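S.K.: Annotations per TrEMBL:
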- 193-219: domain 'Trimeric autotransporter adhesin YadA-like head' (DOMAIN)
- 258-298: domain 'Trimeric autotransporter adhesin YadA-like stalk' (DOMAIN)
- 335-361: domain 'Trimeric autotransporter adhesin YadA-like head' (DOMAIN)
- 400-440: domain 'Trimeric autotransporter adhesin YadA-like stalk' (DOMAIN)
- 477-503: domain 'Trimeric autotransporter adhesin YadA-like head' (DOMAIN)
- 557-600: domain 'Trimeric autotransporter adhesin YadA-like stalk' (DOMAIN)
- 637-679: domain 'Trimeric autotransporter adhesin YadA-like stalk' (DOMAIN)
- 745-771: domain 'Trimeric autotransporter adhesin YadA-like head' (DOMAIN)
- 789-823: domain 'Trimeric autotransporter adhesin YadA-like stalk' (DOMAIN)
- 850-885: domain 'Trimeric autotransporter adhesin YadA-like stalk' (DOMAIN)
- 945-985: domain 'Trimeric autotransporter adhesin YadA-like stalk' (DOMAIN)
- 1017-1075: domain 'Trimeric autotransporter adhesin YadA-like C-terminal membrane anchor' (DOMAIN)
């Protein structure tokens, strides 16, 4: 399998795209032929091809395409560059509009048409007389594999003997199968898909209607989808079929298949299964069709009624002859067949010896047709036209026959219970053949209609030209037009290809080549900037990617021919091309070093430093009156500027701090919140004048001036009005009658209305004479000792509404006479809300409140009464007095030496033991456990040894002294005399740290040197050699570098440089070929 790919030009779409190529040589060739094939297949036919390679014409082949085509075999012919023709008379054919670039024909007589040198994918024909493409240049991406296989349209694939893919974007997998409808798919031998978007799977399957699917051997899709669906009632049908929507067929007329394991449908257009049909059948069976009561029966006829010459027409509905009655306004029944009987309105018995039973029943069936035979047995009671039939309905108006006894004879009718019994038997048959003890050999014909994956191909076996040796999971190709080959290979995206064990192509159009290879989203790279120069690339719009490995498991691509080197080339380059570039760069090392030294000492360049005075001059030997610091990214900051002199004659530059001082002085003078912005500008002030915010002094003064003039007039008017108000008079709708002092509103935003009313607190309101509001955010209608009632208060509804007395009475808080009930309520939180976790009895009175008549609690959160407490105390006393559990013993006074466990889930054991931390354990007298999740066997200054400790085994076990000594000995060995284990360990750690520090210094210096190298600009377009210097700093380490870049040719450029730091020297070379 060829694992090389190329980027080619598609003349139809005008884009660069990735094109896969597959080739495999069989048979014995001459030494020169085998060598040529090896080069072709290893380098990739058409991919990474060298522009310097010679055309190949071997074993009688003719290569017409310049230096990049290969023709191998008698009569093999290539029609264009980058073509490959392998095999006797194999041909790549040019078209009227362009050459057949990139086409591949492999096999005797194989032919590949079309211009594909820079197309989305070269046409590929593999196999005797196979054809890929068409002579009118309208195809590309066509693949034909197999004898006489043909792929004759856009993006078509034909695999198999005489397979034909003639519709656009069609796929054929199978011998002598055809896909002629656009976007159609065929899988299986002798299979056809002739309609657009049709699919045929299985030998002999035929999908001939648009959007249809033919599943299984011999299945067809020729139904009349425009006919209305069968409607068993009068309701509206959902999901009406149409020719445009297509159909799914699992058989054909006379060769229908059962669809099994169908789940019960739920939506209107879901399929239903037999269980749902049986449920509806049971409902219908509950309808009683018998007429049990007749009001006008004809009775007591003494003799027979015979010789009725005319039809009895006038029987009243509901009336009739005894045992025969009718209720219908339909036309009369008709029995025109010999010895036929018709009973019921409009019943018609036209066949001889037939019986039409029921209104509108007919007997017109073709009785010469053979009865349905579900198996291979012989049928009894063959129907015939001479014997007649019994009909209880008509086409579209069938009836159920109920109360049918179970048949016993061969020709008896059977009822549903008998059918259900047989159905149960059939369901027990296992239709799957799970085990074959011997191999199935000598199959005369093709094996088709394989509904499941073939899993057990012997390792080394397979289909001709396709073999596998693996026991891993099957490959999976779920993307549209995708291909997966190899154990567990996955092609999950449209047009993806995954080849190799575990290869995964998960992006549209991507190719994963080789075991474990994975693909990612194609990333367009339009160019890069090197040394401040931006370079643009060719091939900047990749449609997908070709991967030959994965992260951590990359592969080298070997035997790569030298790529073309130009501004528009998208060829890969090999190591020899880079080596040639590196050699040229090496020659510039000495010149770069000299230039770096001169630049470092400041003896050359526009910016120089005097070796004695250390003063720096800029362009001292040139003219000009302007210094421009603007760069490609815009203006630059000039930092480190000393404060210049500020006077009338100064020509010094000033720095930012001096300008800031001036700006801050102006901002302080303006006021109004004006500040100095980060850019040095001064923000506008903000003055609030008469409720309006203005942002400059002029507007503020104008506003004040206008309001002062208006206020003068308004004050004069108000004074006149106030002086003229007498007792009992006032402003409209607001009147007062008082001789008290004026009201006083002292609190912020407060209101006082009424004689001597005072609102002293913020946001308070005092309503009425002498009312006092001395609490913030309150409304007062009186004062201490002079309270008022608020009457006519409506019942409150919202949480913050006032409530009236009626609401309090209704709640039971007060009695009907207004006195307060002694109700028990929840305590309150600090914000006044109810604290539902706390109730205080007795209003906090010392001694508490007794609760009488308390029942004995049973649940964990029930209250307990005194009798229950007494019983519990008695039990505890008995336990203490009896010495407790005989397996646990302690000595001490219960009253004075009690252990205490105050931490959450803590445990204390021993006299005066204390476990105060969560999950702690205190073991032994006076032990203290004051840290969470610890076990203490003593206390500070009274520690205990833990003896008889077994050797620990797991990571969290305690270790004993023996294990500790053994571990120390194993770790450090024999310590130097007089050196403790800790001292020895500290020495070793210090040595390691010193080594790490030195490595870090070397790394920092190396990074600084590498940075300095990257800072050196490249040679510009049109120049030959550029020498530059660079500097770098990283975490306190500094380095300088000298570099030289040379343009050898228009396309070839090389670069070399050396960087030096306190820790050593770094050297780098590089080359690039541009096209």
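Glycine residues also receive a Cβ, built from the backbone N, Cα and C atoms like all the rest.
Heads up, TrEMBL stuff is auto-annotated, nobody curated it.
How about a rundown of where these features are and what they're close to?
M.R.: In terms of DSSP helix, strand and coil, the domain 'Trimeric autotransporter adhesin YadA-like head' (193-219) has 0 helix, 9 strand, 18 coil.
Secondary structure counts, DSSP: the domain 'Trimeric autotransporter adhesin YadA-like head' (335-361) has 0 helix, 9 strand, 18 coil.
Per-residue confidence over the domain 'Trimeric autotransporter adhesin YadA-like stalk' (400-440) averages 63 (mean pLDDT, predicted model).
Break the domain 'Trimeric autotransporter adhesin YadA-like head' (477-503) down by DSSP state and the numbers are 0 helix, 9 strand, 18 coil.
Secondary structure by DSSP for the domain 'Trimeric autotransporter adhesin YadA-like stalk' (637-679): 15 helix, 1 strand, 27 coil.
As a summary of secondary structure, the domain 'Trimeric autotransporter adhesin YadA-like stalk' (789-823) carries 7 helix, 2 strand, 26 coil according to DSSP.
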